[in-house]
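Asker: According to Swiss-Prot, the record shows the following:
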- 1-31: topological domain 'Cytoplasmic' (TOPO_DOM)
- 32-52: transmembrane segment (TRANSMEM)
- 56-76: transmembrane segment (TRANSMEM)
- 77-94: topological domain 'Cytoplasmic' (TOPO_DOM)
- 95-115: transmembrane segment (TRANSMEM)
Amino acid sequence: MVKSTSKDAQDLFHSLHSAYTATPTNLKIIDLYVCFAVFTALIQVAYMALVGSFPFNSFLSGVLSCIGTAVLAVCLRIQVNKENKEFKDLAPERAFADFVLCNLVLHLVIINFLG
């Protein structure tokens with residue numbers, strides 16, 4: 001059995017970093033948006049754990065809004081990525097329009113859930 005060393009881990013992180021630096025800027029912006037949405041959901045969960053979740057519908061709506069938006073942004077990233085062969089025929093404008101429309105539907109459902 002081969003033991004992994006810290007050099008292997010450093011090589012892995014170096015190769016991941018060098019591959020990510022080659023990523024186009026528009027995909028990096030989408031990645032930043034996804035990280036922000038997930039971070040916001042984590043802040044809401046931490047707040048709920050510390051303070052409580054008295055209006056549970058509000059807490060649930062906020063977390064589901066953040067996670068749903070992050071999932072839709074990941075779908076946008078998949079569709080906009082030029083190296084993805086499944087969506088070669090899809091224009092980036094169409095993918096962004098789908099993202100906006102799905103976000104609108106998501107937030108209408110969340111507002112309806114709030115009551």
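Using N, Cα and C of the backbone, Cβ positions are placed for all residues, glycine too.
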Asker: Any residues 6+ beyond the ends of the transmembrane segment (56-76) with a Cβ under 8 Å from its own?
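Answerer: Contacts with the transmembrane segment (56-76): 30, 33-34, 37-38, 40-41, 44-45, 48, 95-96, 98-99, 102-103, 106-107, 110, 113-115.
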Asker: Please give the average pLDDT for the topological domain 'Cytoplasmic' (77-94) in this predicted model.
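Answerer: Over the topological domain 'Cytoplasmic' (77-94), the predicted model scores a mean pLDDT of 89.
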Asker: Going by DSSP assignments with H, G and I as helix and E and B as strand, what are the residue counts for the topological domain 'Cytoplasmic' (77-94)?
Answerer: 7 helix, 0 strand, 11 coil
